[in-house]
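Participant: Let me begin by handing over the structure; questions about it come next.
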Amino acid sequence: MGNMNEAIQITDAKKRYSAGVLKYAQMGYWDGDYVPKDTDILALFRITPQEGVDAIEAAAAVAGESSTATWTVVWTDRLTACDMYRAKAYKVEPVPNNPGQYFCYVAYDLSLFEEGSITNVTASIIGNVFSFKPLKAARLEDMKFPVAYVKTFPGPPTGIVVERERLDKFGRPLLGATTKPKLGLSGRNYGRVVYEGLRGGLDFMKDDENINSQPFMHWRDRFLFVMDAVNKASAATGEVKGSYLNVTAGTMEEMYRRAQFAKELGSVIVMVDLVIGYTAIQSMSNWCRQNDMILHLHRAGHGTYTRQKNHGVSFRVIAKWMRLAGVDHIHAGTAVGKLEGDPMTVQGYYNVCRDTHTKVDLPRGIYFDQDWGALRKVMPVASGGIHAGQMHQLLDLFGDDVVLQFGGGTIGHPQGIQAGATANRVALEAMVLARNEGRDIANEGPQILRDAAKWCTPLAAALDTWGEISFNYASTDTSDYVPTPSVA
């Protein structure tokens, strides 16, 4: 791998700026002695160099191609403050138990980035390096943003504290469900599903990622029937209720139009998909802030680049970007459900969303300290293959500040949708009470649920139907680190 502290940068100006091709390390993109400044943006890449490519040179190439470099010396370098603008790879370490892979730490001067723009950050950090031929694969594992840069983002328009105040719901997770089937229902039937779920005890119902405005149900019809259901359920229960109205559309103008209509109908929350893009997400966040609306983000499409641990972008990075971009909710995994997610790694995603200051936590995949500079917190959402029988696991893993969404676990209940919602609400209330009484819910959870089911027929039916069903598959994305007394 070579001597990582070897002074290999060419400092002689005549040689450094002579026409021709130099190694990236020679051009100044590697500095093993560099100490990152408090104002630097830091990135950790997992790189897999091609056979014969030195790890340090590969790291320097990542730094170069994600900042100022091109493949050859250019004379215009002498017209800029190159020493400041060059990103610097400053540490390379072998990835434990993964031969041929290396962790590459890169520091970027803050002046390389436009303030308040996730789009600009991503254009630099992931814009070019992932298709670079000397690398077999590359993955962005983690990032650290200085407070000076964090402060250029307004962050979530509502945040956890204000959302709970608006809903008047404290001391427990929020409950939701995605309307199923997610495609094909008429507006009237869709609204009926929403009413049944909310009337049975859920706090939220939700559009799924791909329900927009299709021939079987125009978006305006859906909004009208859904909000009629929300209002009736609120009146019947005396609770503030909501339903995530998906305003995702083909243009920003259309998304604004749909969001405005949702507001006029009295909705407290709108939803967009990750696939609309970072600029559109920030634009919708600004609209929600100006209109006192909660913004829910469905992470549709993320698995195409977050799931494989040797190439792509870790979801913990996406979660950090989205907290800066300004969403109030984000789907962050369940650990026990049907979707990808190692429990420790998923807890790391939740910490990124909810911490005031995120500490290094290698078992959970957190490689950098991150001071969030009083930025509002994001409410993580657990959704996908969960049911009432897992309530003790979910509460133990994620605590109170989470939305637990039981789609099939509500709408698939043998006694109907309202009974499914009631089963989930009773399971949650029983588990929160047991926890507050000091009981060990992680181990006593199944018995707590059985005891509650004695006086709740819907919960008993849910437990009989799904029992302790879980999706026990090995996760493809786990943290790689060497256990030591400080991190084990």
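Glycine too: its Cβ is placed from the backbone N, Cα and C atoms.
The model shown is predicted, which means the values in this text are computed figures rather than measured ones.
Found this in Swiss-Prot, in case it helps:
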- LYS180: active site, proton acceptor (ACT_SITE)
- HIS298: active site, proton acceptor (ACT_SITE)
- ASN128, THR178, LYS182, ARG299, HIS331, SER383: substrate binding site (BINDING)
- LYS206, ASP208, GLU209: Mg(2+) binding site (BINDING)
- LYS206: N6-carboxylysine (MOD_RES)
- LYS338: site 'Transition state stabilizer' (SITE)
Participant: Is it possible to get the count of other C-beta atoms within 10 angstroms of the C-beta of LYS206 (Mg(2+) binding site)?
Facilitator: 29
Participant: Return the residue, from the listed recorded positions LYS180, LYS182, HIS331, with the maximum count of other C-beta atoms within 10 angstroms of its C-beta.
Facilitator: HIS331
Participant: Identify all same-chain residues not among LYS206, ASP208, GLU209 whose C-beta atom falls within 8 angstroms of the centroid of the Mg(2+) site's C-beta atoms; report them in sequence order.
Facilitator: THR178, THR179, LYS182, ASP207, ASN210, ILE211, TYR244, ASN246, MET271, HIS298
Participant: Do me a favour and check the Cα-Cα span between HIS298 (active site, proton acceptor) and ASN128 (substrate binding site); whole Å is fine.
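Facilitator: Cα-Cα, rounded: 26 Å.
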Participant: For a quick check of understanding: given the listed substrate-binding residues ASN128, THR178, LYS182, ARG299, HIS331, SER383, what is the maximum Cα-Cα distance in angstrom, as an integer?
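Facilitator: Site span for substrate, by Cα atoms: 37 Å.
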Participant: Cα distance, LYS206 (Mg(2+) binding site) to THR178 (substrate binding site), nearest Å?
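Facilitator: THR178 (substrate binding site) to LYS206 (Mg(2+) binding site), Cα-Cα distance: 5 Å.
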Participant: Taking Cα-Cα distance, which of the recorded positions LYS180, LYS206, GLU209 are within 10 Å of ARG299 (substrate binding site)?
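Facilitator: For ARG299 (substrate binding site), the recorded positions whose Cα atoms are within 10 Å come to GLU209.
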Participant: Restricting the comparison to the binding-site residues LYS206, ASP208, GLU209, which residue's C-alpha is spatially nearest the C-alpha of LYS182 (substrate binding site)?
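Facilitator: For LYS182 (substrate binding site), the spatially nearest of the binding-site residues is ASP208.
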Participant: Tell me the Cα distance separating GLU209 (Mg(2+) binding site) from HIS331 (substrate binding site), rounded to the nearest angstrom.
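Facilitator: Each residue's Cα considered, HIS331 (substrate binding site) and GLU209 (Mg(2+) binding site) end up 11 Å apart.
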Participant: State the Cα to Cα distance, in Å, between SER383 (substrate binding site) and GLU209 (Mg(2+) binding site), rounded to an integer.
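Facilitator: The separation of the Cα atoms works out to 12 Å.
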